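Copied from Swiss-Prot, the annotated features are:
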- 11, 59, 87, 93, 104, 114: ATP binding site (BINDING)
- 117: active site, pros-phosphohistidine intermediate (ACT_SITE)
């Protein structure tokens, strides 16, 4: 098993519901360490750059609009198989299809306002972590 880092974003809908602590408790209960964290209100440019991979998709504008609608909580998580573990904790993208007890089943309202983002692979995790935490802001514990 490998120690990995992954990026997690608690999206504006979940921040507004005041469930950051409950989501953090799930990360920690699953053995994931929060090695960097910050709350920010993304600019449109930052959101467009971060989600550039989806630029040609029909949902891109709505995704960007949603991500700039309020503050987000961004964290780098570290642990054994952190990427898969975080994706399991999040549940399916559509909260109606997410397993009971997952973050999205418990806190998300729709496929758009789906509470959290998580890196989907090691390559994207590395790019996403460095996008929000360039260099010295990530601390191994």
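The backbone N, Cα and C atoms fix where each Cβ goes, and this holds for glycine too.
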(request) Have a look at the binding-site residues (93, 104) and report the one with the fewest Cβ neighbours inside 10 Å. (result) 93
(message) What's the number of neighbouring CB atoms sitting within 10 A of the CB on residue 117 (active site, pros-phosphohistidine intermediate)?
(response) 21
(request) Could you say whether, by DSSP, residue 104 (ATP binding site) belongs to a helix, a strand or a coil region? (result) helix
(message) With every protein chain in view, what's the tally of Cβ atoms within 10 Å of the Cβ of residue 114 (ATP binding site), excluding that atom itself?
(response) 23
(request) Using a 10 Å cut-off, grab the number of neighbouring Cβ atoms around the Cβ of residue 11 (ATP binding site), all chains included. (result) 23
(request) List nothing but the one residue from 59, 87 whose Cβ has the fewest other Cβ atoms within 10 Å; the candidates are the binding-site residues. (result) 59
(message) Using the alpha carbons only, what distance in Å do you get between the residue listed as 'active site, pros-phosphohistidine intermediate' and residue 87 (ATP binding site) once rounded?
(response) 9
